[in-house]
Every structure is written in C-alpha cells, then in structure tokens.
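Undergrad: Taken from Swiss-Prot, the feature active site, thioimidate intermediate applies to CYS186. The active site, proton donor/acceptor feature in Swiss-Prot is assigned to THR188; the stated evidence is sequence analysis. What Swiss-Prot lists as NADP(+) binding site is 26-27, LYS78, 129-131, 180-181, MET269, 285-286, 314-317. What Swiss-Prot records for GLY181, GLY183, CYS186, ARG189 is K(+) binding site, and it gives sequence analysis as the kind of evidence. What Swiss-Prot lists as GMP binding site is GLY242, GLY243, GLY268, MET269, SER270, ARG286, ALA287, SER288, GLU289, GLY290. Look at Swiss-Prot and you will find SER28 tagged as phosphoserine, backed by similarity to another entry.
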Amino acid sequence: MPRIDADLKLDFKDVLLRPKRSSLKSRSEVDLERTFTFRNSKQTYSGIPVIVANMDTVGTFEMAVVMSQHAMFTAIHKHYSLDDWKHFAENHPECLQHVAVSSGSGQNDLEKMSLILEAVPQVKFICLDVANGYSEHFVEFVKLVRSKFPEHTIMAGNVVTGEMVEELILSGADIIKVGVGPGSVCTTRTKTGVGYPQLSAVIECADSAHGLKGHIISDGSCTCPGDVAKAFGAGADFVMLGGMFSGHTECAGEVIERNGQKLKLFYGMSSDTAMKKHAGGVAEYRASEGKTVEVPYKGDVENTILDILGGLRSTCTYVGAAKLKELSRRATFIRVTQQHNTVFG
C-alpha cells in the first residue's frame, strides 16, 4: 500500500552551519587528517578523507598521483586494464595506499578485480559500486567479496537509508557509499522518481553505520567547498566528489576548443556516452540515467584541492573544531531560504 513519509528531508542547499565560539587563532591550526580502523577488515588508514569518484573521467591514475601528495584518496575507475595497473604500481608505489580498485557486481568484474589485487597486493581498498545497492544480489556479492578478501577494506553502495547501511556492514562492507541521484551528471531522480535529499541521508546513515562501528561516504550533491564541510558536519567519514574534480588536466580526455573556450568532457557512468564507450550502447530494456556535459577547462587540479582544503579549515575555525574529526560534534545546522548574496551571481 502506498504511503507518504511526511518528515521533511533536507539537502545541503537548505541549510547553513551556525558559527560558534572558537579558541583557534588561525586556519593553519586545523588538522584535517583522520585515522580510521575499519570494522571488518581490521585495517587502519590515515589521510584526509576526501575521495575522487570512481568515474572514468575523474578517477584516473593521474588524479591519484596528485591526490596522494595531499594524503587524499582516489577510487580508480574500473575500466583500466591489468597492465595499466601494473604500470601504475611500478611507477607510483607511493600512491597505492591511497587508492581503491573499483568493481561492479558481475562475475567478469570479480575476476578482473581479483587479478588486479593479486598483481598489486599493496592496494588494500576495494570499491564495489552499483547504482542500486538495495538488491539481494548485491548483498550476496558483498558477502562473496568479503570471503575472498578478508583483509581488504570494502567500500560498497549506493544506498540512502539506515537499514540498508546496516545490512551491507553486517554482510562484510566497511564503508558504505551514501547517495542516490544527487550527482551533478546523474539523472536518476528525473528518470525514475527515486532518491533522497543528501543531508538527511548522510545524517541518518551515519547514525546507523556508527552504531555498528562502520563508516560512510557521502557521495554526490556537493557543488562547492561549503557543501563538503556540510557533509562532514552531518556525520560523513569520507566525502566523494566527481563534478568538483572534473575539467582538470589530470582528468581523462583531450581538451576541446570551441569558440575560443577550452573545455573537457564529463559524463555520468549511466549516461549514453559511458554505455556506448564501455557496453556498446544503451540496452533496450533500460534508460540512460546520466548526462554528458562540457566543463570549462580548469587547469591543474592542485588549485582545486587547495580551495577545498582551505574551505574545510575555515569551516572548522568558524565552528570551533580544532580537528576535522570534531566537526560533526560542533555542527549545528540552521534552515535557510537563501545561501548567499546573488547580486553578482
């Protein structure tokens, strides 16, 4: 029987963080590094918990090289070959602790991932990525991967509700990806009518995960460094970004010149572009749930990284958090009708 949940759910655009008294004298005093010990793998990881999404335009080896210099993380897209991985591992061994191998839930995906992890044993993270993390098949796949790789840290998703976060953690996942439809090039919500506002999803899923000593990634909906800060404030352990890292030198694809403007292609992994590239086209039984856009070329990603990290440090000083770990404890969200002054855009 159809039912309506009348509780209002909120997104990042619906709130601001209230400033609070602080003893910090400078943004430079803020520690953005986190150390986690994961529930099922028992592995420990230290770094700044911002992740480049495993999309084939941004989740590249070139991106991982720069991100690892800042102790940040990259979920490498699943379309690199075994030889590509071997070459990367040989030339950039210092990056391997800050990357994940990505996989879908098919048998071919599992076989390819297994070969990569056997060839590059220094990689300890697995990112199991499907559009709909609610299927029984996916839960069974997570259990299978856990049985085959008992000491690897498994990221799995995507879901947006607490009961499914708990199910995946109890099935062997360590970190749950939270977000259905909020991405900048995702059209799931308009094609299917399915989704969940990201701020509320993160708050609710973090509560469920942390009760089981699990962790979550807020995946999608961030448009600016302030949104990244709100995701951490809402309880996310990691924040995954795609659109904010698009358009850079380190992204896949050539720079396009059109009408004197430099551009780079960025597309969702369920878009026509991605499915034609990797699956020979859109299957007749499904619809494209992503868009393809031309993003203004932004140059090297280093400047964007510094902008995001600088914004996070500033957020922490405004709310009195000396460490990123403290941000969620110091966060009070206020509902708003406007985010900023729009006189000049």
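Glycine too: its Cβ is placed from the backbone N, Cα and C atoms.
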Undergrad: Give the helix, strand or coil assignment DSSP yields for THR188 (active site, proton donor/acceptor).
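TA: It is helical.
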Undergrad: Please state whether DSSP places THR317 (NADP(+) binding site) in a helix, a strand or coil.
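TA: In three-state terms, THR317 (NADP(+) binding site) counts as helix.
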Undergrad: So how many other Cβ atoms are close to CYS186 (active site, thioimidate intermediate), meaning within 10 Å of its Cβ?
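TA: A count of 25.
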Undergrad: Can you list, in sequence order, the residues of the same chain other than GLY181, GLY183, CYS186, ARG189 whose CB lies within 8 Å of the CB centroid of the K(+) site?
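TA: Output for this site, in sequence order: GLY179, VAL180, PRO182, THR187, THR188, GLY195, GLY220, GLU289.
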Undergrad: Determine the minimum-neighbour residue: among VAL130, VAL180, listed as binding-site residues, which Cβ has the fewest other Cβ atoms within 10 angstroms?
TA: VAL130
Undergrad: Cα distance, GLY242 (GMP binding site) to LYS78 (NADP(+) binding site), nearest Å?
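TA: Cα of LYS78 (NADP(+) binding site) to Cα of GLY242 (GMP binding site) measures 15 Å after rounding.
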Undergrad: Could you tell me which three-state DSSP class SER28 (phosphoserine) falls into?
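TA: DSSP call for SER28 (phosphoserine): helix.
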